[in-house]
Every structure is written in structure tokens, then in C-alpha cells.
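J.: Can you read through this structure? Questions will come right after.
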Amino acid sequence: MSLMKTRSVLRRCAFLAHRQHLAPLRYMFGPGPSNVPPRILAAGGRPIIGHMHEEMFEIMDDIKQGIQYAFQTQNNMTIAASGSGHTAMECALFNCVEPGEPVLVAINGIWGERVAEIARRIGADVKTLVKTPGGYFTNEEIEQALAKHKPVLFFLTHGESSAGLVHPMDGIGDLCRKHNCLFLVDSVASLGGASLFMDKQNIDILYTGSQKALNGPPGTAPVSFNDRACKKMFSRKTKPVSYLLDMTHLSNYWGCDGKPERIYHHTGPVSGFFALRESLAILAEMGLENSWKLHKEVAEYLHEGLEGLGLKLFVQDKNLRLPCVTTIAIPVGYNWREITQYVMKHHRMEITGGLGPSVGMVLRVGLMGYNCSKTNADKVLVALGDALKHCHKSKV
């Protein structure tokens, strides 16, 4: 590349860097990420320290305790993976499943589909239980499938954000123990917004993400393994397919293996860990029960307002509606893309359409953590009401 061309490229990069500072303020009222409160933004902006400094290890220890509280667990093997919720999903599968082993995946939205795909890629013998978006699985259906397929691991999504459904958890962990398989649960879209008790409900592996009700920036993913899961993953015959996500190494990096010294494994997201610690501190200060109550109250307020606009909620059973992410059946005659684009353009607000199997079926509104207030629900109702007046409605 010539000197002149190089200078041109550098000028272009400088221009783009300047534009990045002009990122607009938007109401992030979709299924995530959520708006990050000033306290967490400030925490993430603190000076960088080394990922192997003693102060960093103290911060990681604080994060571990915060996750244990949020998950309601006493598991020692509790960490935050470096990456999004997908990272924790893969960490669980890569460490607890070996090639050829049977895995049972409950699919009622995109996250079950993703887990099944990842499990197939590592050579697992994947069996599925399938419902259309918005459907849920009875304990009887789950037990029949466990008895039939005899899996080493059963996966279920607690908060299926693509459908707006929160799945009942009671009794499922007991069934998994009865049939000698691990119970893996995705709580990315539900943690902090819907009640969940890892130890009490006999969940063997639980993971979440930082960017939903925890209100952190995307990029850190809490995950916890109980003793049953540890026994399985630390007695495997083959090494996990990922070095980065190998819990043999991560357990040491997070001080979970009982060894006196932590050895370098990878450079963790230092600023992300600062922010995650603050997110977990805010949740602990508020209290889980208060957070669950707030999300339920605001969701019910929003639901009432949506019905007042003549809109229909996608999940019919009130007890199965995910408090964090509300799904609205696309109103007859409207193009969902036009509605979301109108709301973004005229109200600086993100709401989204469906995801995976729910595309073309729903609009999704998320009011989580910092965003969870009746004031913000009113903003959503005004924006949607405006969109319904001004977006094209075809004759049916």
C-alpha cells in the first residue's frame, strides 16, 4: 500500500473513531441489551489493572459471591465466562458432554435450537422435545423423554426470550436426579426478573448473561456447576473441544480448584468484570425478592396498557409470561418491521420482532433492571400507540 493510500485509510479510521463518540442515546426496550445505569458505566470506566493482579482476584472473588447470591447457590465452582451468554452455554456443553453421549434438549424457541446445534457440533447424540413458540413442557412429558432416551444431560430454557415465556422449574431437577442425568438451565433472559433457586430446585448447571436484568454491558457470562456436574466434567475421557472454556483451567483462574496459586490462562475482560461486580452489588442491595416483585408489577402494568391499545399478548397463560420480555402478537394488517422502524425513528426506542422460530409472530418489549419502571412502560405504550396510528395497515 502506498504512503498516500495509507494516510487516507488512517484519516478514514480517525473519522470513524470520532463518529463512535457520537453514539446516540436510545431507549433500549427490546429483549437486550438493556440501558446501563450510570453507576455501572462508571465502574466499567475505572483504570485498567492487570488480569493477574491481586486486586483483580479480589474483584473476581466478589463476583463469585454475587453470582452465588443471584443464582441462590452455594456452589464453589462458580465463575463468569469471558464472553456473552453463548459463551457460558458452550462452556457447560463442552465440559459436561462427550462425543457420542445422548443429550435431551427441550426446544420451545431459539435457545433450545442453539443448544441442540452446539451439542451436535461436538458429536453428541441429540434428542429433542419440541413445542411451538409459547409452548411449555409438563413434568410428565419430560419424565417420559428422560426414561426413553436416557440422556447424560437435559437442557431447558427458564426464560425463553424469543417467545416471552418463563418455564416452570419445580420438580424437573428431581426427575433428572431420578434418571441420573444433569439438569442444565439457561437463565439469560430471566435472572433477576423471575424467581429461580439453583440449589433448592436441583439445577446442576445454570448460566446467564450480564446485559439483561443485570444491566451490565454485554461480554461476561456467569455460570455455576454443582458437585454432580463437577464429577461428570472432571472425570471425562476426552479433553473439551475448547481450550478457552476448559473448566480444568478456568476453575484455577477463578480460584475454585483449591490450589494456592492462580496460573495464567487467558486475559479476562477487566473492565467487564468491574461492571459485572457493580451489577451484582446493585442486585444484592435491592434484594432478589424485591427485584422479582418489581418486574412482575411493571410487566402486569404494561400488559394492561397493551390490551388497552387493542393489542393481544402472545402468551395466553398469565403465569407463563416472562416478566422481563413481553411478547405481543403482531397486530393484524401491520408489518412488524415498519412498526419497529417507526418506533426507533420517532421515539429513539428499540423494540424488536421475533427471533428464530418466532420471527413474524411477535413484537418483543423488554423492561429489565434499570429500565424496569412504570414510567418506561408508559413510554412504550405511547410509542406503540403512535406507530399504530401512522404505520400502514392493510385491508384483510
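Counting starts with 1 at the first residue shown.
Note that Cβ sites are derived from N, Cα and C of the backbone, with glycine treated the same way.
Remember, it's a predicted structure, so these values are computed and weren't measured experimentally.
Not my notes, these are from TrEMBL:
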type	residues	note
DOMAIN	48-372	domain 'Aminotransferase class V'
MOD_RES	K212	N6-(pyridoxal phosphate)lysine
BINDING	R364	substrate binding site
J.: For the domain 'Aminotransferase class V' (48-372), provide the mean pLDDT of the predicted model.
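T.: Value for the domain 'Aminotransferase class V' (48-372), mean pLDDT as a whole number: 97.
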J.: List the Cα distance (Å, whole number) between R364 (substrate binding site) and K212 (N6-(pyridoxal phosphate)lysine).
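T.: Rounded to the nearest whole number, the Cα-Cα distance is 14 Å.
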